[in-house]
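Asker: Before we start, here is the structure in question, set down as C-alpha cells.
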Amino acid sequence: MTVQQVLLLLLLWMWLPHPCHTEMLFRRTPDLRPKSSGGRALGNDGKTIHRQKRGWMWNQFFLLEEYTGSDYQYVGKLHSDQDKGDGSLKYILSGDGAGTLFIIDEKTGDIHATRRIDREEKAFYTLRAQAINRRTLRPVEPESEFVIKIHDINDNEPTFPEEIYTASVPEMSVVGTSVVQVTATDADDPSYGNSARIIYSILQGQPYFSVEPETGIIRTALPNMNRENREQYQVVIQAKDMGGQMGGLSGTTTVNITLTDVNDNPPRFPQSTIHLRIPESSPVGTAIGSVKATDADTGKNAEVEYRIIDGDGTDMFDIVTQKDTQEGIIIVRKPLDYETRRLYTLKVEAENTHVDPRFYYLGPFKDTTIVKISVEDVDEPPIFSRSSYLFEVHEDIELGTIIGTVMARDPDSASSPIRFSLDRHTDLDRIFNIHSGNGSIYTSKPLDREISQWHNLSVIAAEINNPKDTTRVPVYVRILDVNDNAPQFAVFYDTFVCENARAGQLIQTISAVDKDDPLGGQKFFFSLAAVNPNFTVQDNEDNTARILTRRNGFSRHEISTYLLPVVISDNDYPIQSSTGTLTIRVCACDSRGNMQSCSAEALLLPAGLSTGALVAILLCIIILLVIVVLFAALKRQRKKEPLILSKEDIRDNIVSYNDEGGGEEDTQAFDIGTLRNPAAIEDKKLRRDIIPESLFVPRRTPSAPDNTDVRDFINQRLKEHDTDPSAPPYDSLATYAYEGNDSIAESLSSLESGTTEGDQNYDYLREWGPRFNKLAEMYGGGESDKDTS
C-alpha cells in the first residue's frame, strides 16, 4: 500500500461520525550506549541509585469539534510498557481542562472529553501525563506534555461587519466602475479544508450591478445609468463558504447604492415667451419680475447664470442671478417713460456655470427665452427743468423784486397746469414769496447779507387737477454784498497818555472792522474829525493807524481825560464812514512809561501805599459790607413764632385777610380807643399775637395838615402800610381815627353816631375800595336807629 493510499484512508476515517480512538503506546527506547556507561550515583545513604530509562515516545492527539453523541467522546489512550496489566500502575493527567473537560481512566489510561468542544473558542489544549506506582506512588515514567488539537468542522457561516452598507457612484458611469467592496469573515479554520473559503455572489440588483466572487467588489453592470430616471438601488450580496459548493454555509448583506448627479442636463426655459408689466413711475433698481430655467440636475450642476444677450431694452434693464432660488431678477436700469416708449423686448439666456467636458456631446448647456416688458401709464408728478436752482441777488434790492423763476411741466399726455408754492419750513421769516402760476420768486422783506448770506428754499410743484402729487426742488439764493456798513473800531481801546509824554510819542495803535465783504478786500482810512492841538492820527496804510501826541507834558489836575474823534472810512462804493471816539486818560507814569495811576485823587494818597495794598483794602471793605447785609437779611427773614400756643383759642389763631371788622360791637380784637386819639399811636405798644423780639420805637408819621381831606389822609396811611417792608403779612392794628377838619362825613366812629342829627349819605364809601364795603353796608343800608326816648 502506498503512502498516498494510507493518507486517503486516514482522511476518510476522520470524516466518519464515530469517536476518534487514538491510542498512544509507550515503548522502550533502545539503549544505544554501552552498559558499562550506565549511569550510577550514590545517594545520601551511600546506596547506589540506578537512573530509570524513558519508556515512551510522545505524539499529538486529534479531536473533532462539536461532538453530538450522548457518551463521553473518546480522545486516546496512554500506555506505558511498564504496565503489566495487573493494576499496579496509576495514570495521572494534569494541564488545560484536566479533570473537568478531559478525564483519564487511572487504570487503563483512556482519555475522554466530557462535553462538546468548539474549536473557535480554543483550538488546542496542552496537558501533562505521568504513570506512577500505585503502592509507592513513585513515578515509573517521567512526566511529559502532550497536545490535543481540535479538528475544525464547517459550523460557522460567513458574516458581514455591517448589515446595511451605503455607497454611491456617479450616474452615467461606464460598465465596470467600482462602487464599493464588501468583505465577510468566517470563524472556521482557514488552514483546514474549505470551511473558511468564501465566494461572493449577487442575489438582488441585477442587471445593474455585479460582484467579483473572490474580492467582493461591487461594480456597475449597465452603461449610462441616469439619476434622473432612477436614483436609488438596493443590492443584496451573498457570501458562501466551502468555496461556494453545495452544502456550504452562507450570509447576506444589503448595499444601498445612490447614483450621484453629474451635469448631464442643460437648463431649459418652460416658456419661449414671458410677459411682464411695470409702471412708468418705478424708480431705478425696481425688480420687475423673474425668469427661471429648470435643470434636472442638482447642486452645483444645476447652477445657472442669466444674462441679456439681445433686444431693444438692453440699456434700460438688467438681470441679476439669485443664487438661492436660481432665478433671474429683471430690474430697471434707467427711468421709464410711458410717453416715450411703451414696450420693450429682451432676449434672456440661461447657461450652466459648471459644465462637465465629458458630456459636451449631449448638446449646449444653455437656453434662451424672449421677455416682453410693457410700461404702464401712471399720473406722474411735475418735473422741474433743473434738479436745483441757484439765484444771486444784491442785498439792497427793493421789495417785490423777482430774483428768479423756476419751471416745471406735467410729463403726462394730459399736461395738467402746475401750481407753485414755497415750503415755509425753509423760509420761516417769510422773506421770499413765489407766484403760484409762473414760478417767479420775489422778495417780501428786506435782505441783509450780514445777517444771512445764503437762503436755502424748497419749491413745491403740484398739478392743479391732482394736488396730492407733488415734486420738490431745492432753490439756493445767494445774497451779494453791498457796501452798506461803515467801518468801526475793531475793539474797545483803553488809551492813556503819560504826564511826562513828549511830542510825537505813540500812545495807541488802532484798527477797524467792516461787516461788508468787498471783492477787492477791506481798505480803511483814518483821520481826525477836526484839528486837535493835543493829538494826531497817522494812517499806516495797512488798515491800522497810530495815535501820536502833539505837545509835551500833560497834567491830570488841569484835564484828566481827552476825547479824540477819529473818522474811519472805506474805499468801496458808496463810501461809508463812521466816527469813533477815543477816550484818552492822563496818567502818572514812571521813567520807562509804565502807568502808575490815572485819577487825580490818587495824588492825595500816601506815597508809600502801593496799588496792591489799595486793592486789598478795598476787597476787605466789600467783604465786610456783604457780611453785614447778609446778616441783616437773615435776621429779617426769621419766622416769628406765635405767642399763644393754645389750640382752644381759635379766634386768635385764625388769620383773616378779608375781614372788615365788626364795628363797635367787636371790642375784643383790639382797643378801639385808639381810633379816638391819633396821638395814641405814638405810644409804645407791643403786639399781642406774636412774641416780641426786639423793642423798637414805632415809626412816626407826620400828622396830616389842617384842612386835609379824610380821603387823602386814609389813602396816605394805606400807602404807607402797603409799602412798609417791616409790616407783618397778617392783620395788624392800623389807626384811622383822625378824620380831618370840615369833613362832609364828619366822624366815621360809630360811638358818636347816636348824637348825629339827621340822615347822612355814606355811598361814597363804596368808591374807596373793598376795604370800606363793610362800613358802607352798615351806614348806607338804611336809616340809622335813633333813641327816641
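Note that Cβ sites are derived from N, Cα and C of the backbone, with glycine treated the same way.
Okay, so TrEMBL annotates it like this:
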- 1-22: signal peptide (SIGNAL)
- 57-318: domain 'MHD' (DOMAIN)
- 80-160: domain 'Cadherin' (DOMAIN)
- 161-269: domain 'Cadherin' (DOMAIN)
- 270-384: domain 'Cadherin' (DOMAIN)
- 385-489: domain 'Cadherin' (DOMAIN)
- 489-603: domain 'Cadherin' (DOMAIN)
- 603-634: transmembrane segment (TRANSMEM)
Asker: What does the DSSP secondary structure composition of the domain 'Cadherin' (270-384) look like, as residue counts for helix, strand and coil?
Answerer: 10 helix, 56 strand, 49 coil
Asker: Counting by DSSP secondary structure, give me helix, strand and coil numbers for the domain 'Cadherin' (385-489).
Answerer: 3 helix, 47 strand, 55 coil
Asker: Looking only at the domain 'Cadherin' (80-160), what are its DSSP counts of helix, strand and coil residues?
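Answerer: Going by DSSP assignments, the domain 'Cadherin' (80-160) contains 0 helix, 35 strand, 46 coil.
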Asker: Where DSSP helix means H, G or I and strand means E or B, what are the helix, strand and coil counts for the domain 'Cadherin' (161-269)?
Answerer: 3 helix, 46 strand, 60 coil
